[in-house]
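The annotation active site, proton acceptor is assigned in Swiss-Prot to Asp96 on the grounds of sequence analysis. The annotation active site, proton donor is assigned in Swiss-Prot to His124 on the grounds of sequence analysis. Annotated GTP binding site per Swiss-Prot: 95-101, 123-125, Arg388, 414-416, 497-499, in sequence order, evidence recorded as sequence analysis. Positions annotated as Mg(2+) binding site by Swiss-Prot, on the basis of sequence analysis: Asp96, Gly123. If you look up Swiss-Prot, you'll see Asp96, Glu97, Gly98, Lys99, Asn121, Ala122, Gly123, His124, Thr213, Arg227, Gln307, Thr322, Arg386 marked as IMP binding site, on the strength of sequence analysis. Residues or ranges marked as substrate binding site in Swiss-Prot: Thr382, Thr383, Thr384, Gly385, Arg386, Pro387, Arg388. Swiss-Prot lists 1-56 with the feature transit peptide.
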Amino acid sequence: MNISILRLDSNPITTATSPATATANHRSGILGCYNGTYSCRLNQLQQRKKNPSIIVCSTTKPLASVVDRHGVSESGLSRIESLSQVSGVLGCQWGDEGKGKLVDILAKHFDIVARCQGGANAGHTIYNSEGKKFALHLVPSGILNEETVCVIGNGVVVHLPGLFKEIDGLESNGVSCQGRILVSDRAHLLFDFHQEIDGLREAELAKSFIGTTKRGIGPCYSSKVIRNGIRVSDLRHMDTFPQKLDRLLSDAAARFPGFKYGPEMLREEVERYKKFAERLEPFITDTVHFMNDAISQKKKILVEGGQATMLDIDFGTYPFVTSSSPSAGGICTGLGIAPRVVGDLVGVVKAYTTRVGSGPFPTEIMGKGGDLLRFAGQEFGTTTGRPRRCGWLDIVALRYCCQINGFASLNLTKLDVLSDLSEIQLGVTYRHPDGSILNSFPSDLRLLEQLKVEYEVLRGWQSDISSIRKYSDLPKSAREYVERIEELVGVPIHYIGIGPGRDALIYK
């Protein structure tokens, strides 16, 4: 879509210009090894590294002159191999930043890819070597790399029907999952009724609704916190499972009159989960033991974050947040590993900002401008299909995320989406209604709705950059945009996304 004719104003209140910038103010398993030794699976990892059977490459030939067997340039390979033994990829905005693609690329150079929090509300879209699209919600994005073991950690809430649907879809397309997906025995089970009461809860809130994905994430974490939740390990004890499920369903019926529960529902669910338990058994693993054993054996581990810091239960725009910790702290609590072993964290941020659902959005572009940016970037939720709200890159929020997580570097995604614009704005400062500057990202939602955003306006490049693979080949204005972001947040940008394909990535 050509959006070059549009100057995407954020409804400025006042505008001032200077030679360089203009500012505007805006309201803004181990398979079968769970009861034995974990070294068997780790040894298999080493053998796979020695005997790779498939070369995965992009459908588009990279322009770099020297590439490894996965289509990564020599400079890119050097950048990836410099990452620490335990590294992580986390979102810097309100989710949907494109984390899955980077994880998919990095996974080829790691032994293990692990999810530590969230559930099926995390939607990651990745592509295989034939360009086929996969939308994953529970299975880590590293699954397309057959040498990688994927771990679903104790901090994840697992909806078994959804997990099996993803596994079936992957295997029907030739992606082997047996022995490659390990599900923590400590992870909590998310039931269909959690999804039902998620909708009932939203209906209760009426106009104050949070805008959840209605995947049952919040209700499941609520069950966990009030200590009547059911864990994966409970599937091994079908003698007590019915009583635990009855208590859980009875509590839900007592709280929500609209939720109809009776003996027949319990019988049906118990029979259903007996079958699920049998199928899941080969995947169930003490992942805390597995992860720490892998660390001691110097295996490389990549942590794939779901959602993003601005949706964190503690640091996000509460209550318009998720129910877990998608920031750095969630890695340790969601996998059972020590803080001292966690090394490089890469923050993923779009070249602009999007948000799904309700909640403050200081740099949102209202009206036609937001609609055009949404269609140019195909901004529709992977999990829900809902249109995402769109706006300019919020430097204040990004700097806040960098402070919380201590990112070693950033991955700037979807830079190509801005290619048709004649000018691009960066939200660089928050001001109180009286004009005074806020020195931090506020927790007060009323203040977030009232504050004014000061923008810098940079020149656009108005040319197609999707085939470029070297940073120096980007138009000058595109490089100035990247470098201005680095300057404002104080964190280097090492990866730049310029398209959806696996190879559409610039290593800086």
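Cβ coordinates are placed from backbone N, Cα and C, and glycine is handled just like the others.
Sequence features annotated in Swiss-Prot and their locations in the structure.
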residue: Gly95; record: GTP binding site; Cβ within 10 Å: 29
residue: Asp96; record: active site, proton acceptor; Cβ within 10 Å: 26
residue: Gly98; record: GTP binding site; Cβ within 10 Å: 20
residue: Lys101; record: GTP binding site; Cβ within 10 Å: 26
residue: Asn121; record: IMP binding site; Cβ within 10 Å: 30
residue: Gly123; record: Mg(2+) binding site; Cβ within 10 Å: 21
residue: Thr125; record: GTP binding site; Cβ within 10 Å: 17
residue: Gly385; record: substrate binding site; Cβ within 10 Å: 8
residue: Arg386; record: IMP binding site; Cβ within 10 Å: 13
residue: Ile498; record: GTP binding site; Cβ within 10 Å: 25
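Distance noted between the C-alpha atoms of Ile498 (GTP binding site) and Arg386 (IMP binding site) is 23 Å. Remark: Pro387 (substrate binding site) has Arg374, Glu379, Phe380, Gly381 as non-local neighbours, by Cβ distance under 8 Å and separation of at least 6 in sequence. All chains included, 22 other C-beta atoms sit within 10 angstroms of the C-beta of Arg388 (substrate binding site). In terms of Cα distance, the binding-site residues that sit within 10 Å of Gly95 (GTP binding site) are Gly123, chosen from Gly123, Gly385, Arg386. Within the group of recorded positions (His124, Gln307), the Cβ with the highest number of other Cβ atoms inside 10 Å belongs to Gln307. Using Cα positions, the member of the recorded positions Asp96, Lys101, Gly123, Gln307 nearest to Arg388 (substrate binding site) is identified as Asp96. Annotated pair Gly98 (GTP binding site) and His124 (active site, proton donor), C-alpha to C-alpha distance, rounded: 7 Å. Take the Cα of Gly385 (substrate binding site) and measure to each of the binding-site residues Lys101, Thr125, Gln307: the nearest one is Thr125. When the Cα atoms are compared, Thr125 (GTP binding site) and Arg386 (IMP binding site) turn out to be 15 Å apart.
In the three-state DSSP reading, His124 (active site, proton donor) counts as strand. If you take the Cα of Lys101 (GTP binding site) and the Cα of Asn121 (IMP binding site), they are about 17 angstrom apart, rounded to a whole number. Rounded to the nearest whole angstrom, the C-alpha distance between Gly123 (Mg(2+) binding site) and the residue listed as 'active site, proton acceptor' is 8.
Put simply, Asn121 (IMP binding site) is 25 Å from Leu415 (GTP binding site) when counted between their Cα atoms.
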